[in-house]
Ligand SMILES: Nc1ncnc2c1ncn2[C@@H]1O[C@H](COP(=O)(O)OP(=O)(O)OP(=O)(O)O)[C@@H](O)[C@H]1O
């Protein structure tokens, strides 16, 4: 479904819900269902808000309560103490959530480059700090709680419960619509790449900092709006009710349970958990209710670690075929309330989908091309005659580069140039600075001193994704594929975020050509996990050339391969070179260098000790002493 169709359907469903809610009494729907639906919508907003950064980009946050609290206190203080209107206060709540997210993101992503558990800890600290600030600040709360005046609203809305339902529905629609639109956009693809491997995403051209900032600010704005409506619903705000750990714990459970990689996952999770919790509370089981809730969640998370939505979507007819008859049967029996019937029908559909999936795993992705064949209708680029080295045009110009790591000088006054059509072998003993030089050339690390230019453009100081756009691409010694994307989409990502930029459908077409160049055309529909090491390294190469570089950096791309695979990889590298791309190859195998290199550069303890024709360099006594002697020993 296209984004536009998805958004239209979402708005349609929301309007239908609004109409049903408006006529709930005439339709015989119990009033408590409206109250419960309002709660579900609040959690849909929060789980969806959390998922924009933490689910899509994989940055696990424990700070959702900060947005809820800021939004809630904005409305409470503005309406309760300053007489500001509700609409303005609610918007300010969203804006303050966005501002808080902006500051958190700037600190975490720009100043600290925080990831993983350190990022989670930072986000955990924010609501604690805000709660303490609110308690000691009498203008906001002072520890006594803050009450809100009753909002005025037009008569056609009905009562307060209908008002708050409509407001929650509007913001939930905005939140889910945002998540849906993001998922289908370049931003969504970029966040997904960040989730899978942020370093690889950045060097392929994904502006990771910008994308994370957009995601966190959207998350903050939606979380703040939801918090603002919570204050309106409750009529009062207390620090311990909004800046509470319960908020992040619930949203995490909901999003993980429902599924984090799809916009609908948090919706399914929020609906299921809220209804289940309400049902258990109604049974008055006291602490047993929480134990049962926890147990049920554990069972479902273990049974469907990728999220319930994925399971339900994989078997749509089975899901509907179980849900509808169970719901109808229970309601018609007259022995169950609508809520009981809804919950049991949901559980039945989920259990059947999960059990069915475990008994009959989802079929392997459909192959679009027969194994071993290249994609239909397209042929591998015809081998061109190898471009002749052209010393007149420097594609890489490194001058006086120094790189220090604390007290270690990894590169010491290195100068090097690479012309069009060259394949330069970069060799040296372990720890001589080869990978550091590759990292400097790709922009992953800045030099401590010196200049670097790619195709005539100075790259020092540029973010790695901007360095990629000057025309340099790299592979990693240990391949870093995007695990959640097919082989074809891994390569398409590089086209989308490369120098030319392209829509996903266009990028997929170009990606098929690049896969053909590295002889992986028949594996386009597979996930990277299905590939062996050799194929993964070929995938790295396909992804790198898909960025349309002028120079390709191959960092030990043949490590760990058997002799036959090495020969195959050498043929692929030749093919890439014949396509007009200059290459710098870090390699220990002299056999490979003899076959490929037009020139060899030798590093020893960070110093460039030789640079010239392979035969001359490999017989240079200084090189033999520093490197080859040790190799031959
Ligand atoms: N991130 C880092 N922090 C600290 N020291 C580093 C870092 N990266 C590299 N070094 C140091 O810089 C020196 C050069 O390392 P580098 O990995 O570039 O060498 P190499 O020639 O690629 O080695 P190998 O062949 O083993 O991969 C080594 O002394 C290494 O310990």
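Including glycine, each Cβ sits where the backbone N, Cα and C put it.
Please treat TrEMBL annotations as automatic predictions, because they have not gone through curation.
The domain 'ABC transporter' annotation in TrEMBL covers 396-630. Annotation source TrEMBL lists region 'Disordered' at 366-390. Look at TrEMBL and you will find 31-53, 90-111, 118-136, 160-182, 213-232, 238-257, 288-305, 317-336, 342-359 tagged as transmembrane segment.
Away from its own ends, the transmembrane segment (238-257) comes close to residues 43, 46-47, 49-51, 54-55, 60-66, 68-69, 72-73, 124, 127-128, 130-131, 134-135, 141, 143, 145-146, 227, 230-231, 265-266, 268-270, 272-273, 297, 300-301, 307-308 of its chain (Cβ-Cβ under 8 Å, at least six residues beyond either end). When Cβ-Cβ distances below 8 Å are used as the criterion, the transmembrane segment (288-305) is approached by residues 253, 256-257, 273, 276-277, 280-281, 311, 350, 354, 357-358 of the same chain, each at least six residues removed from its ends. Put simply, of 90-111, 118-136, 213-232, 342-359, the stretch with the most CB pairs closer than 8 A to the transmembrane segment (31-53) is 213-232. A contact between the transmembrane segment (213-232) and the transmembrane segment (90-111) is present, since 3 or more of their C-beta pairs, 6 or more residues apart, lie under 8 Å. Long-range Cβ contacts of the transmembrane segment (160-182) within its own chain (Cβ-Cβ under 8 Å, at least 6 residues beyond either end) map to 3, 6-7, 10-11, 14, 17-18, 21-22, 31, 34-35, 37-38, 41-42, 44-45, 48-49, 51-52, 56, 90, 150-151, 153, 188, 191, 215, 218, 222, 225-226, 229, 232-233, 263, 266-267. Note on the domain 'ABC transporter' (396-630): its mean pLDDT in the predicted model is 90.
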